[in-house]
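Novice: Got these off Swiss-Prot a minute ago, pasting:
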TRANSMEM  4-24  transmembrane segment
TRANSMEM  65-85  transmembrane segment
TRANSMEM  133-153  transmembrane segment
TRANSMEM  177-197  transmembrane segment
TRANSMEM  253-273  transmembrane segment
TRANSMEM  285-305  transmembrane segment
TRANSMEM  380-400  transmembrane segment
TRANSMEM  417-437  transmembrane segment
TRANSMEM  484-504  transmembrane segment
TRANSMEM  528-548  transmembrane segment
Amino acid sequence: MKYIVMQDVFFIVLLLVLAVPLGIYMYKVMIGEKVFLSRVLEPVERFGYRLMGVNAAGMSAKRYAGSVLAFSAVGFIFVMAVLMLQGFLPLNPEGMKGLSFSLAFNTAASFVSNTNWQAYSGEAALSYFSQSIGLTVQNFVSAATGIAVLFAVIRGFIWKKQKTVGNFWQDLFRVTLYILLPLSLVLAILLVSQGVVQSFADYSVVESLENGAKQLIPLGPAASQIAIKQLGTNGGGFFGANSAFPFENPSSFTNLLEMLAILLIPVALVVMFGRAVKDSKQGRAIMTAMMIVFVVGVVAITISEQFAGPSYQGVTTSGSMEGKEVRFGVGGSSLFAASTTAASNGAVNAMHDSLTPLGGLVPMFFMQLGEVIFGGVGSGLYGMIGFIILTVFIAGLLVGRTPEYLGKKIEPYDMKMVCLLILVPPLLTLFGTAVAVMMPSVQASVSASGAHGFSEVLYAFTSMGNNNGSAFAGFAADTTFTNMVGAVMMLLARFIPLIAALYLAQNMAGKSPVAASSGTLSTKNGMFIGLLIGVVVLVGALSFLPALALGPIADFFTTFK
């Protein structure tokens, strides 16, 4: 246990050390200031703008949102076409056939929405072309879209009397070129150096050492996709077993790299926010709130897995190793599970369906909080800003003052947008789960009975309704109902809050800041951090406690038998 604690502390310290300079760098990218890569990348940037015909003029929230939707729609159609026609496309040495309409629809929606929910196994269903040209490209642009929208939201708080929130095409291009591509290149090289596969060769047929039986070894350009899948909080694995598969994550060192990559940009964006609003204490307050909830979650998962359930007492001293890789152990698996669900990533290095009931409850609850504990790149922070505004609003009601945040008054229109930001994911999750449990096809998809079977369904629709993408693997997801309903849920969960955030940003940008007074609520002290954590957890608890009581909590009490 001491080793696990040291490992977790080392990880968090290293994460913060790396995130601070990256956050400062991203702030410079956001405002268009020169960075150390400018000499190399500025000519590429100018050429890209000319090629795309980009006009640098500012956009209103309506035009910005329209550009996001149009760009995403084109990506959706392209990915769906590639997946359905992959049998006729190049880079298909294994002769993979095109996906069915429902599965292609679900997969396209999943990757365009930055969810990366996978109802297929990559090495058995997709060609190299589909993986690299279809899905990897979406991993870049869906992540860049989230960060671009966050840039727009931040401008809403720092601009005065403006009717625009920035230019989507410029934001998208700069995020991709200056942030995601360089980081992905470095991480991909590190992963390849540690044994992660990167090849366009045919699958290999080898004889096993044990009995001489023939075995098919899948290959592919995995490292390049894994780099952006983690950095962009995408999470979709090149192989079906995701980061539990040795070709994706062969050692403890690559496990550390991938966990750092999952949280690096979300944490750095909080640093960037503090720099952008000219008050680092605001960023530190948000970081502290996120980190407290994250650490509590890590501790809860680790204890649940290390000491298992009451019925297992005295049976094992190494903790619950079911569904875990020996090279990662309980500590590495628990930290990865917390990171991937706190950050809206969804990659796994252990099977979440095999976690103990309380160990599985924590990742599920992290998602049900709205993916705001670090959350997805961009989307996590603008979701947390929604919770901050809600907290300020509640505090204002308590003391009878007009609520303010960063000098901008919070008005009824702002609260309507915040409600859309906060309430859409839980409504989609609960509605989807309620409908699903009544469908015979979903009931047949569940591998377990009772409370754990319900947990599998709840986890699946929580994952899709909050754009995470991880799953309890006992849930067979490739059915027409789950594919179609899940796809609609993922798209709505992505784009309704995104559009609400943009309209919130425009309304804020049009306001004049008001001077702080003695009655202004401080949003950077310990009291506010406690209030913020309370609001985030309370909204999640009120929304999901009845469902959790029927699932993982009831499942936990079965371990007393």
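Just so it is clear, glycine is given a Cβ too, placed from its N, Cα and C backbone atoms.
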Novice: Which range wins on Cβ pairs under 8 Å with the transmembrane segment (484-504): 4-24, 65-85, 177-197, 253-273, 528-548?
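Specialist: So the stretch in question is 65-85.
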Novice: Which stretch, 65-85, 177-197, 285-305, 528-548, tops the Cβ pairs under 8 Å count with the transmembrane segment (133-153)?
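Specialist: Going through each listed stretch, the top one turns out to be 65-85.
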Novice: Return yes if the transmembrane segment (253-273) and the transmembrane segment (417-437) have at least 3 CB pairs under 8 Å (sequence gap of 6 or more), otherwise no.
Specialist: no
Novice: Counting only residues 6 or more past its boundaries, what in the same chain has a CB within less than 8 Å of a CB in the transmembrane segment (65-85)?
Specialist: 59, 98-99, 101, 103-105, 107-109, 111-113, 126, 129-130, 133-135, 137-138, 141-142, 145, 148-149, 168-169, 172, 495, 498-499, 502-503
Novice: Examine the transmembrane segment (380-400) against the transmembrane segment (528-548) and state whether at least 3 Cβ pairs sit under 8 A, considering only residue pairs 6 or more apart.
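Specialist: Yes, the transmembrane segment (380-400) contacts the transmembrane segment (528-548).
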Novice: To the transmembrane segment (528-548), which of 4-24, 285-305, 417-437 is linked by the most Cβ pairs under 8 Å?
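Specialist: Between the stretches 4-24, 285-305, 417-437, 285-305 has the largest tally.
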